[in-house]
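As annotated by Swiss-Prot, active site, nucleophile applies to CYS107. Positions annotated as active site, cysteine persulfide intermediate by Swiss-Prot: CYS205. The annotation ATP binding site is assigned in Swiss-Prot to GLY16, MET17, SER18, GLY19, GLY20, VAL21, ASP22, SER23, MET42, GLY132 on the grounds of sequence analysis. Among the features that Swiss-Prot reports, disulfide bond is placed at CYS107-CYS205, with the record citing sequence analysis. Annotated site 'Interaction with tRNA' per Swiss-Prot: HIS133, GLN350, in sequence order, evidence recorded as sequence analysis.
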Amino acid sequence: MTSIEPTHTGKKVIVGMSGGVDSSVSAYLLMQQGYQVEGLFMKNWEEDDNNEYCAAAEDLKDAQAVCDKLGIKLHTVNFAAEYWDNVFEYFLAEYKAGRTPNPDIMCNKEIKFKAFLEFADEILDADYIAMGHYVRRRDNSDGSTQMLRGVDGNKDQSYFLYTLSHEQVARSLFPVGELEKHEVREIAKEMGLITHDKKDSTGICFIGERKFTEFLGTYLPAQPGNIETPEGEVIGTHQGLMYHTLGQRKGLGIGGMKNSNDDPWYVVDKDLERNVLIVGQGGHHPRLMSTGMTVNQLHWVDRTGPVDGCHIAVKTRYRQQDVPCTLTYTDEHTLRVVFDEPVAAVTPGQSAVFYDGEVCLGGGIIDQLIRG
């Protein structure tokens with residue numbers, strides 16, 4: 001491997017060590033660049049400490065092994081109370097209200113780049129923090145800092161980080177954002193790090209590998225209701241609207257309906273007042289398509305945001321292709337977004353994240369859908 005000339009001698013970086021390959025390689029790369037590196041492992045969930053689904057003990061063991069291999073300190077911190085108050089209660093409240101939240105975005109906002117940064121500052125005297133996220137930062141000549149998409153388009157995580165301020169971005173380093181995922185694994189293998197072939201974590205961290213309905217049912221009571229077609233025909237029952245999201249195809253239990261064509265059934269709407277799940281056939285059913293949306297709880301990385309009437313790109317879910325759109329401010333907290341072409345399965349409660357080329361501008365929460 002080509003060695004990197006150290007350029008940051010003396011600057012202290014606290015790396016969020018998750019026990020995964022991305023944070024492992026981030027720590028190694030920062031050491032190569034001359035930073036004084038220490039690790040910090042966060043414990044954010046305590047409900048499953050004695051449960052088969054909890055991977056925290058194994059992750060801590062892997063993080064410690066990597067730090068031992070690299071010859072750096074590993075600190076630990078418990079943010080379970082902050083996580084419960086600021087992430088999990090939000091998650092439950094949104095589902096209870098019939099929306100589909102994204103707790104990973106809230107975790108980045110409240111824990112990884114707030115509680116973690118404060119702890120690194122106040123307790124560990126850090127100059128920077130670092131995470132294994134696939135994004136990049138750009139320091140401009142005017143002193144501003146921007147967040148860019150990661151080089152690996154399939155792994156780019158800017159969608160999950162749009163709530164960061166430019167001050168937080170300026171305090172953060174993202175070494176693997178400049179690399180493809182396969183390069184990260186190759187570096188880890190070359191350095192003999194035990195995480196080099198560790199499986200990437202998927203899904204919501206506190207749910208782990210268990211079934212979503214089983215998990216959510218322990219915190220929110222089931223509210224069964226009817227499944228109807230857009231025409232009002234009752235064709236089945238559901239256990240709770242919270243278990244379903246727009247565009248969902250699997251797990252509806254209504255396959256093989258008589259008098260229907262062979263197209264699969266999709267969730268196309270939720271009637272919250274009647275507690276009815278509305279389904280239609282085909283992934284481009286008219287009720288599933290939106291021509292636009294309103295977005296509130298706006299956050300812009302540079303605090304100012306795009307200008308009124310501009311034509312830029314938006315993602316309404318992770319790994320979605322960029323959707324060209326036009327923005328209009330209805331007030332300082334709300335945007336009306338009109339897509340160039342109709343988009344399927346835009347989901348209230350999820351985040352809409354806006355881009356100008358490679359730059360992640362920020363975003364907000366999808367509130368209302370515009371149809372027709």
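Using N, Cα and C of the backbone, Cβ positions are placed for all residues, glycine too.
Remember, it's a predicted structure, so these values are computed and weren't measured experimentally.
The structure, with features from Swiss-Prot marked on it.
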residue	record	Cβ contacts under 8 Å, 6 or more apart
GLY16	ATP binding site	SER23, GLY39, LEU40, PHE41, MET42, LYS112, PHE116, ILE129, ALA130, MET131, GLY132
SER18	ATP binding site	PHE41, MET42, ASP59, ALA63, GLY132, SER201
GLY20	ATP binding site	ASP59, ASP62, GLY132, THR195, LYS198, ASP200, SER201
ASP22	ATP binding site	GLY132, HIS133, TYR134, VAL176, VAL184
CYS107	active site, nucleophile	ASN44, TYR83, VAL87, CYS205
GLN350	site 'Interaction with tRNA'	THR100, PRO101, ASN102, THR316, ARG317, ILE365, ILE366
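HIS133 (site 'Interaction with tRNA') falls within neither a helix nor a strand when secondary structure is assigned with DSSP, and so counts as coil.
Least packed by the Cβ count within 10 Å, out of the recorded positions MET42, CYS205, is CYS205. Among the record's ATP binders, GLY16, MET17, SER18, GLY19, GLY20, VAL21, ASP22, SER23, MET42, GLY132, no two C-alpha atoms are more than 16 Å apart, and one pair sits at exactly that spread. For HIS133 (site 'Interaction with tRNA'), the Cβ neighbour count at a 10 Å cut-off comes to 26, with all displayed protein chains included. SER18 (ATP binding site) falls within neither a helix nor a strand when secondary structure is assigned with DSSP, and so counts as coil.
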